[in-house]
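According to Swiss-Prot, the protein carries these features:
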- ASP135: active site, proton donor/acceptor (ACT_SITE)
- ASN44: N-linked glycosylation site (CARBOHYD)
- ASN72: N-linked glycosylation site (CARBOHYD)
- ASN130: N-linked glycosylation site (CARBOHYD)
- ASN219: N-linked glycosylation site (CARBOHYD)
- 11-33: region 'Involved in apical transport and lipid raft association' (REGION)
- 36-74: region 'Hypervariable stalk region' (REGION)
- 28-453: topological domain 'Virion surface' (TOPO_DOM)
- 7-27: transmembrane segment (TRANSMEM)
Amino acid sequence: MNPNQKIITIGSICMVVGIISLILQIGNIISIWISHSIQTGNQNHTGICNQGIITYNVVAGQDSTSVILTGNSSLCPIRGWAIHSKDNGIRIGSKGDVFVIREPFISCSHLECRTFFLTQGALLNDKHSNGTVKDRSPYRALMSCPVGEAPSPYNSRFESVAWSASACHDGMGWLTIGISGPDNGAVAVLKYNGIITETIKSWRKKILRTQESECTCVNGSCFTIMTDGPSNGLASYKIFKIEKGKVTKSIELNAPNSHYEECSCYPDTGKVMCVCRDNWHGSNRPWVSFDQNLDYQIGYICSGVFGDNPRPKDGPGSCGPVSADGANGVKGFSYRYGNGVWIGRTKSDSSRHGFEMIWDPNGWTETDSRFSVRQDVVAMTDRSGYSGSFVQHPELTGLDCMRPCFWVELIRGRPEEETIWTSGSIISFCGVNSDTVDWSWPDGAELPFTIDK
């Protein structure tokens with residue numbers, strides 16, 4: 001083969017290899033394009049199977065499963081309380097990025113439970129945590145994270161600018177209520193699935209405030225209670241009925257000898273029961289029960305096992321306010337079972353220390369101080385704080401009843417400890433009809449932090 005023939009042969013081979021390579025590249029590009037078109041095309045697909053038509057509605061980035069939480073079930077029968085969650089937020093925050101918070105609470109949809117909390121716009125062990133003992137500031141916000149996780153910038157979702165708040169799920173979306181603004185003109189901003197739907201202006205111009213725990217949803221409507229007026233005297237109390245973020249009805253309670261703040265509410269057989277804080281003149285807790293038309297009844301827990309703090313030693317109770325040590329108070333809760341009542345309270349009668357659950361089988365209607373069950377969850381030597389109720393609907397648990405649960409805030413820092421900040425962690429428990437245990441689940445953080453020295 002002469003040199004010219006060699007050149008022609010080599011050139012021909014190179015040309016064939018090049019053409020094959022080009023065809024393969026074109027095929028690869030076509031394959032990628034087809035695959036991409038399938039993934040990003042119309043997300044409403046209709047398929048035919050055995051002559052039946054099935055339509056799939058795919059919602060990108062969002063779970064499209066929805067139900068209506070009816071709230072028609074009665075509370076589950078229980079014998080005690082099982083530990084549900086503990087976030088250890090202060091302990092983790094000594095080294096990690098954890099928000100300075102207070103007023104945490106828990107609320108559950110039919111799919112998950114979330115911890116909601118009011119941040120101070122600051123992290124633990126950072127200079128901006130200085131002075132966070134203050135309740136109301138423009139830096140506070142309602143945020144949420146998965147239950148049991150320490151609240152950090154990496155796992156938390158912004159909900160609303162707020163220094164007082166509530167939130168609940170109706171089975172189709174989250175309702176959040178965030179109150180912010182000056183003491184003499186605060187505004188509650190209502191959001192449904194993150195979109196502003198309504199606002200409520202302070203009507204007494206004296207620190208509009210709400211529950212600091214979950215609102216309550218029944219048959220697609222959600223209910224909350226707000227207070228406006230003095231914390232040490234008669235104020236104004238309103239119940240709001242809300243549907244998909246819009247107020248459809250409201251009433252003002254006629255309660256001239258009662259004081260309702262920071263109510264802990266739950267659904268029970270289609271009605272709503274709220275147990276609240278009397279900061280005016282009661283060491284027992286006031287309650288209000290209402291139906292979906294906002295027809296209501298009011299009263300006080302009669303038991304001589306008193307639920308507020310400060311409070312007198314247990315003794316003769318009253319179905320009206322017990323005035324001994326009745327001034328001031330702390331957010332709390334109870335669960336009614338017929339004539340009986342589970343009472344959650346601090347173990348100390350003069351400070352926010354310890355926590356216990358007490359079953360008084362006649363305490364809703366009788367004034368004696370006899371009880372049959374006491375379960376300790378935080379020791380007297382450890383700090384506690386606010387507490388509140390939340391429920392797990394049958395749509396979440398698969399039970400045929402409403403599971404009662406509660407949370408306890410574990411406050412740390414100022415004014416009791418030598419720190420520049422005030423924050424808290426949270427523990428929670430749910431009612432079970434099986435074995436439980438007495439123990440203490442304290443916050444457990446070793447103070448002071450580096451920033452405090």
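Just so it is clear, glycine is given a Cβ too, placed from its N, Cα and C backbone atoms.
Feature map: annotations from Swiss-Prot on the structure.
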{"residue": "ASN72", "record": "N-linked glycosylation site", "Cβ contacts under 8 Å, 6 or more apart": "VAL218, ASN219, PRO267, THR269, GLY270"}
{"residue": "ASN130", "record": "N-linked glycosylation site", "Cβ contacts under 8 Å, 6 or more apart": "ILE420, TRP421"}
{"residue": "ASP135", "record": "active site, proton donor/acceptor", "Cβ contacts under 8 Å, 6 or more apart": "ARG102, TRP163"}
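Across the region 'Involved in apical transport and lipid raft association' (11-33), the prediction's mean pLDDT works out to 62. Around the Cβ of ASN219 (N-linked glycosylation site), a 10 Å sphere holds 15 further Cβ atoms from the protein chains shown.
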